[in-house]
Amino acid sequence: MSDLSHIRNFSIIAHIDHGKSTLADRFIQMCGGLSDREMEAQVLDSMDLERERGITIKAHSVTLHYKAQDGKTYQLNFIDTPGHVDFTYEVSRSLAACEGALLVVDAGQGVEAQSVANCYTAIEQGLEVMPVLNKMDLPQAEPERVKEEIESIIGIDATDAVACSAKSGMGVLEVLERLVTVIPAPEGEIEAPLQALIIDSWFDNYLGVVSLVRVKNGRVKKGDKILVKSTGKVHQVDSVGVFTPKHTETADLKAGEVGFIIAGIKDIHGAPVGDTLTLNNTPDVEVLPGFKRVKPQVYAGLFPVSSDDFEDFRDALQKLTLNDSSLQYEPESSEALGFGFRCGFLGMLHMEIIQERLEREYDLDLITTAPTVVFEIVQKNGEIIYVDNPSKLPDLASIQEMREPICRATILVPKDHLGNVITLCIEKRGVQRDMHFLSGQVQVIYDLPMNEVVLDFFDRLKSTSRGYASLDYSFDRFEPSNLVRLDVLINGEKVDALALIVHRDNAPYKGRQLVEKMKELIPRQMFDVAIQAAIGGQIIARSTVKALRKNVLAKCYGGDVSRKRKLLEKQKAGKKRMKQVGSVEIPQEAFLAVLKVDS
């Protein structure tokens with residue numbers, strides 16, 4: 001296909017559970033990408049984790065050939081995108097490789113906040129957005145209401161939105177037919193020098209770095225020498241090809257196409273995502289606009305349970321960072337937990353997924369400390385520093401002002417649940433900025449402290465609205481706030497990994513709850529264990545795990561009271577000595593207890 005008019009590059013924008021992976025499965029079936037024997041549900045979600053949780057985490061690409069009713073055969077390059085708020089950067093990368101996007105909306109539930117945010121990203125990048133109403137076979141489908149919502153919330157014309165049901169296959173052909181007419185063909189010159197954008201890369205132990213690319217201009221084939229623009233290094237191409245979704249080698253990749261390039265790059269940072277590839281003999285080709293780097297919003301310490309695993313842990317993180325460019329990490333040491341890494345994540349789900357991937361794919365046992373956000377600290381000498389670890393907070397005497405990150409949150413919620421959602425936002429110290437009543441739903445915009453949002457806000461929002469509310473948030477600014485560091489002392493010793501930065505008003509309550517929670521989780525020892533919560537030098541809460549005690553009087557039958565007293569005194573002295581030298585084992589659950597404290 002030397003002519004680009006046959007190519008259509010598109011991705012699907014949809015909220016979690018609105019059926020985009022199922023729709024992708026139908027496309028693959030109809031275009032004969034896989035035989036019936038190889039077909040399985042959620043065929044693009046290749047990670048076990050994605051299947052179990054029913055969410056898409058990574059962007060995947062598939063090239064399909066579709067014979068349309070006008071007699072032409074089109075090459076469809078479809079890039080799957082995640083729908084969860086934590087993986088927005090994956091979406092913007094996928095969209096950079098497309099000319100159009102399908103906005104898939106559940107005809108029963110209507111528009112969700114996350115789809116709105118991704119849809120705006122697509123429109124900003126100049127993509128043609130085509131609305132599709134899915135799950136039309138369900139009795140609760142209300143196509144007219146949902147069309148109205150798409151028009152009033154997102155502002156795109158939805159009068160001729162295609163209605164389909166990905167599960168039953170109804171209307172999927174109409175979606176494909178509309179797609180080839182609505183979405184424009186890519187622009188590009190096959191004869192021009194090579195320009196290819198790296199959308200994604202991952203590390204294969206046998207092949208080295210595998211890069212998923214969108215070719216803008218030119219062509220690339222096996223044996224070509226390619227230049228990575230950011231590193232200036234030259235590599236020889238071992239193979240190029242496409243996913244159908246099987247790994248299929250082709251003779252070359254041309255302008256407008258999406259496929260993979262393997263060039264035997266062994267250095268993990270050899271082909272960064274968002275970089276431009278060109279041929280060695282045309283090194284002065286312009287760099288394509290990449291993606292903006294996303295800043296992590298949540299930081300947590302990850303430590304291997306056994307210190308022997310530290311090197312393996314570092315290798316695993318390096319390989320994972322290649323595949324997930326938003327993960328950041330730096331070495332950290334803790335008195336309580338030894339050596340590990342301070343990692344930055346986009347949100348709590350991202351953190352859970354990374355931890356699970358490390359444990360599953362790389363067979364590591366890890367302990368995670370409580371996540372925190374980044375605080376801006378203005379010191380008395382005028383210097384501004386950023387702190388992502390409570391134990392690194394400078395002495396309070398040297399701090400002029402502490403500022404916490406505020407995010408702008410957009411919440412879409414049905415009218416019936418509006419009261420509960422507003423109560424939750426007020427409890428989380430939110431300030432209402434705006435409210436729009438739409439047909440059936442209300443859009444509320446709040447400024448909320450990031451600290452309150454990242455921990456459990458998403459879960460609480462879902463439970464107070466019975467799962468109907470949806471949330472999208474983005475960092476807005478830093479704002480001065482009355483913050484303090486809450487330390488946890490066990491037997492008079494501070495445990496650095498348990499420190500938290502909290503708002504002063506919430507501190508006594510948080511401290512009490514944390515201490516009670518720790519009391520349940522720390523196993524009883526042979527001596528009393530005192531658990532205290534402190535702000536600076538002031539203890540604000542205390543609890544004691546009572547000692548186990550052996551009945552030393554069991555062998556005295558009757559007898560003199562002084563004999564009994566002697567045995568009890570001896571036991572007491574032994575316990576006192578033990579308390580001075582004994583150390584308390586803190587289980588992993590205790591570190592996570594910090595999360596479970598309802599603020």
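Just so you know, glycine gets a Cβ as well, placed from its N, Cα and C.
Some features that Swiss-Prot has for this protein:
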type    : residues                                                                 : note
DOMAIN  : 5-187                                                                    : domain 'tr-type G'
BINDING : Asp17, His18, Gly19, Lys20, Ser21, Thr22, Asn134, Lys135, Met136, Asp137 : GTP binding site
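Residues belonging to the domain 'tr-type G' (5-187) score a mean pLDDT of 73 in the model. Packing around Ser21 (GTP binding site) is summarised by its Cβ count: 24 other Cβ atoms lie within 10 angstroms of its Cβ, all protein chains included.
For Gly19 (GTP binding site), the same-chain residues that are 6 or more apart in sequence and have a Cβ closer than 8 Å to its Cβ are Val104, Asp106, Asn134, Lys135, Ala166, Lys167. Its Cβ placed at the centre, Asn134 (GTP binding site) has 29 other Cβ atoms within 10 Å. DSSP assigns Ser21 (GTP binding site) to a helical segment in the three-state reduction. Its Cβ placed at the centre, Met136 (GTP binding site) has 20 other Cβ atoms within 10 Å.
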